[in-house]
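Trainee: Have a look at this one.
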Amino acid sequence: MKLYSAKQIYKADQISIKKEEIGSNELMERAALQLFNWMHLRMQGAPVKIHLFCGIGNNGGDGIALARHLVDHGYNVEVYVINYSEKRSKDFLINLDRLKDRKVWPHFMNSDDELPEIGREDIIVDGIFGIGLNRTPDAWGVKVIQHLNNSQAFILSIDIPSGLFTDQGPEDFDAIIKSNFVLSFQTPKLVFFLPETGKYIEQWEVLDIGLDPEYLMNTETEYELIGKNEVLTLYKPRDKYGHKGTYGHSLLIGGSYGKMGSVCLSSKAALYSGSGLVTSYVPKIGDTILQTSLPEIMVLTDANENELTDIKFDIEPSVVGVGVGIGTSEATVNALSGFLKSNKLPLVLDADALNILSQHKDLLKELPEDSILTPHPKELERLIGKWKDDFEKLTKVKKFSKKYKCIVVIKGAHTIIVQNEKGYVNTTGNPGMATAGSGDVLTGIITGLRAQGYPALDAAIFGVYLHGRAGDIAVESTGFQSLTASHLIDNLAGAYLDLFKMPEQPVVEEENQPS
């Protein structure tokens, strides 16, 4: 699913209006009707008090139009217009007149007015600011937002939480509505998935308001949302006449004294992801550990007992995953440096390999094209430097990716895969995956997919999706606190099978027929 910028959404509005030969107020009516249908389906006329807080732009116009539909169907509605400016949009005024025709008079609120009491059991509909907001609301606007947040009532936001910018980072984190649910027109927004801003949205759903499909389909976006439909097109089915050599050979280089678990996890994950052959390259201390814990894999050892000091091998793997648990001793730094300078094989780099690269940035130019780097936030900071907000972070990652011709997997709640100017936002995963070894498993999965012939970008996108989906399946039986990295591997099979699982159809019970 494409994630459109505010400018692209505005353009889609204009093209739709022109093509369909309708007025902008008719498009607003379409949006309001979708909002109403969503609410009415769930509320079924319940006598809950609904407070609609509307701005004076088009987002407020959506709210005013929604209020009319709610009133027409007998809902208990109070409408508040937040006068933050002298200007009012044309469509807002049209819908305000329509609401007044119902003998409904909104409360026009100014900065010196007392804000209304809101019960915990009430519902707030937030339509104050929309996607066009690009500056922090004034002091009174912030006061209104904080009043709504402090009410503890359920907050439903129209299109985007008020105070949240669509295409830039926040300036004031206390000036944003904390939405329980966002009904987003046509597409979700990138800010729903970023660490700094995603916390303002508990749940979201897209409402199709009929924007021009041709424009939406043909417009390139900077970011795409990755779900099952997107990864299904990447999946490579197994060949009936294939053999283990058909599905590639993964080499996992990792481990040091006390950290052999990391390479065990990544090697097992590569195997479970479908790699035909897997070899682990470890210090001598890891030989027995790997041979006994993973009988399906092969093991090569460094000359050193406790750490990697000379990475050399006489096999021909399809891909190399390197970095998990290797440490950053001088001997290991030299070993990795020597390996990178001579290596021509596809690479997946994680953990201490990334830390070494950040300390010795001259080695970045030794990476083969389309190398995949999988940093967590601190590792990423060491590579690209600090950032002021998530948007600057993404800009810096894009520059880094372009400069070194690599793919960067920004690990997080919604992992983002970046190649050059394009980002892919993952939708699977859960807080239980914030546990030791989870990243090692991801390294193994991506390495295993790369071995099977998946192009680098596809391997990164598909690997991140499978990793998160395995976690989502696992957490149903473990809960968040007890989820471990090993559970992710154990549920990889379920993640694959889930790709082809059809949604369960509701069971319709037949009425008893008289005998």
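We count from 1, first residue shown onward.
Positions of Cβ are set from backbone N, Cα and C atoms, glycine also.
Keep in mind that what you see is a predicted model, and the values were worked out from it rather than measured.
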Trainee: Do you know which of N37, N58, N59 TrEMBL groups with D126, S162 in the K(+) site?
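Mentor: As annotated by TrEMBL, D126, S162 share the K(+) site with N59, chosen from N37, N58, N59.
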Trainee: In TrEMBL, the residues K411, G412, A413, H414, T415 are said to bind AMP. Which of G385, G439, G444, G448 is said to bind at that same site?
Mentor: G439
Trainee: Using all protein chains shown, find which of the binding-site residues G60, G439 scores highest when you count other CB atoms within 10 A of its CB.
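Mentor: When each Cβ's neighbours within 10 Å are tallied, G60 tops the list.
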Trainee: When a 10 Å sphere is centred on the Cβ of T415 (AMP binding site), how many other Cβ atoms does it contain?
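Mentor: Here the count is 25.
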Trainee: Cα within 10 Å of N59 (K(+) binding site) is the criterion; apply it to the binding-site residues I131, D159, G412, A413 and give the hits in sequence order.
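Mentor: Checking Cα-Cα distances against N59 (K(+) binding site), the binding-site residues within 10 Å turn out to be I131, D159.
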Trainee: So among the binding-site residues R135, H376, H414, who's got the most Cβ atoms within 10 Å?
Mentor: H414
Trainee: Cα within 10 Å of L133 ((6S)-NADPHX binding site): which of the binding-site residues S162, G412, T415 qualify?
Mentor: S162
Trainee: Give me the mean pLDDT over the domain 'YjeF C-terminal' (227-499), rounded to a whole number.
Mentor: 98
Trainee: What's the most sparsely packed of the binding-site residues I131, L133, A413, counting other C-beta atoms within 10 A?
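Mentor: Ranked by other Cβ atoms within 10 Å, the binding-site residues I131, L133, A413 bottom out at A413.
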